[in-house]
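Undergrad: Supplied in structure tokens, the structure appears directly below.
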Amino acid sequence: MSVFLRGGIAGGFHLRSRDSSAVITKRRISSVGAVTGRSVNPASAIEQRATWLPGLEPPPYLDGKLAGDYGFDPLGLGEDPKSLKWYVQAELVHARFAMLGVAGILFTDLLRTTGISNLPVWYEAGATKFDFASTKTLIVVQFLLMGFAETKRYMDFVSPGSQAAEGTFFGLEAALEGLEPGYPGGPLLNPLGLAKDIKSAHDWKLKEIKNGRLAMMAMLGFFVQASVTHTGPIDNLVEHLSNPWHKTIIQTLFTSAS
């Protein structure tokens, strides 16, 4: 359920009367009034925070500080701060895998449908036999590599910065040093040097998690399409464009049900 836990503050302010954020918020509200020439009620400005359901008051533990926090947690899974911290990281990793998966599926499916390469449809790719290695060998190698990477990631989550200590990764620690848990840095994992100041990278984080959530929904769509139509997403798109008014998801579902 981590995919639904975060939601963000795409505008709007959060007022706290007992800390410095209240001062910042009041200044922002005052500046709005100065620009518009109208008096601004702080309470009405606070209510303008974007939520997944307009007018809904988000739970107190989702205060808008997290990138992509739109106050969506109907089951209350994030009430425990430790659990919420883990859900944030879990969603981030799933979002990145989903973006890679969507890009890979669309690219290979495009090569297949255009005849450029004789590739299997994406949901049958796992059964493909390769000449350079057996399936068992590939599975073992994948488990070892993924297990190592995920173990390092988890250890960095438990003890931030510990995996950048000298001697923890064959002398390559400086090249892989993370910016904060969940956001690796260094020339290998951040070659473009984006968001070097991770504390001020809220916009980058927001864009990533939004695209990641969209990718997760796209992957769900790919799964449903494959189960119902037994073809790839490019085939489904071509069929829909051939007759947009009669080749839709509604007709497809009704046809498959009958």
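Yeah, the Cβs are placed from backbone N, Cα and C, and that goes for glycine too.
Pulled from TrEMBL, these are the listed features:
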| type | residues | note |
| --- | --- | --- |
| BINDING | Glu91, His94, Lys207, Glu208, Asn211, Arg213, Gln225, His240 | chlorophyll a binding site |
| BINDING | Arg96 | chlorophyll b 1 binding site |
| BINDING | Leu176 | chlorophyll b 3 binding site |
Undergrad: Name the residue among the binding-site residues Glu91, Glu208 whose Cβ has the smallest number of other Cβ atoms within 10 Å.
TA: Glu208
Undergrad: Asn211, Gln225: which of these binding-site residues has the highest Cβ count within 10 Å of its own Cβ?
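TA: Going through Asn211, Gln225 one by one, the largest Cβ count within 10 Å is at Gln225.
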Undergrad: Among the binding-site residues listed here (His94, Arg96, Lys207), identify the one with the smallest other-Cβ count within 10 Å.
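TA: Comparing Cβ neighbour counts within 10 Å for the binding-site residues His94, Arg96, Lys207 gives Lys207.
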Undergrad: Which of Arg213, His240 (the binding-site residues) has the most other Cβ atoms within 10 Å?
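TA: Compared across Arg213, His240, the most Cβ atoms within 10 Å surround Arg213.
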Undergrad: Using Cα coordinates, what distance in whole Å links Lys207 (chlorophyll a binding site) and Arg96 (chlorophyll b 1 binding site)?
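TA: Pair distance, Cα basis, whole Å: 12 Å.
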